[in-house]
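Asker: Grabbed the feature section from TrEMBL, which reads as follows:
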- 12-33: transmembrane segment (TRANSMEM)
- 39-59: transmembrane segment (TRANSMEM)
- 71-96: transmembrane segment (TRANSMEM)
- 102-123: transmembrane segment (TRANSMEM)
- 135-153: transmembrane segment (TRANSMEM)
- 179-196: transmembrane segment (TRANSMEM)
- 216-242: transmembrane segment (TRANSMEM)
- 262-283: transmembrane segment (TRANSMEM)
- 295-314: transmembrane segment (TRANSMEM)
């Protein structure tokens, strides 16, 4: 007899979508495209999810023999890992730069060393992997719930709208053509990422299709709520006329302005820890027999390449 399929935990799917870099990317998008850009990103994600899910179900239903190129798959995975490493190493650099006034591209080095040590010596068991995903989900969920509430308690909604209307009117009014470009760009980015998870997402509909789709809709709703929550914090940051070396730094500077020194330092440490958890969660598993050659593994080449990109990017900024 075949064993019944074990229900998949939806928190693991949501945690794979969530990242700390999302906070900073959404902040820059809001600055460039206005306050309604967060709604555009939400719409793009929903459309991309529906399109990728429908495509995967269509392929599975009609048993289309689409051959997967191993080389193309490795290239796509390499680009995905590189994106995650670069974005989160950059976030770690921003945190060190703001908290310790450390040179931003030098501050990337300590995190990369910690990441390499974790990759070599951290156990690769399934329990640890699941606990990391649980930790990632709980911490980012906590940030999404606590931070907007904390910021809005410090700054009333009425004063926020007043500051936007009179001092930052360009944030409220943006050309619709730019928003359409944002919608298309965000759609294709989300669509490509969701296609990589296509088979795993479709598995949530087994064995009960209705319950599986219900779980997926809940996951989409939670992720979209997180996007809007993080976007509102960056809208507040725009109104404060903060002087930042990077547009992505406004969010951290806002917390620094609104908080006592101790609270701000605790916040930075939590933010750094969550970012480090995401980086560790991204590390691919390796066989025990290849421990001596790990430093030459392609994943480690990507880590050092990410460090190089962060350094070059910050030097040219």
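Cβ from N, Cα, C; glycine included.
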Asker: May I ask for the residues of the chain that lie six or more residues beyond the transmembrane segment (216-242) and have a Cβ under 8 Å from a Cβ within it?
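Answerer: Residues 10, 13-14, 17-18, 22-23, 26-27, 30-31, 35, 37-39, 41-42, 45-46, 49, 53, 140-141, 144-145, 147-148, 151-152, 155, 160, 163-164, 167-168, 171, 201, 204-205, 250-251, 253-254, 257.
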Asker: When you check the transmembrane segment (135-153) against the transmembrane segment (39-59), do you get at least 3 Cβ pairs under 8 Å, counting only pairs 6 or more apart in sequence?
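Answerer: These two segments do not touch.
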Asker: To the transmembrane segment (179-196), which of 39-59, 71-96, 262-283 is linked by the most Cβ pairs under 8 Å?
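Answerer: If we count Cβ pairs closer than 8 Å to the transmembrane segment (179-196), 39-59 scores highest.
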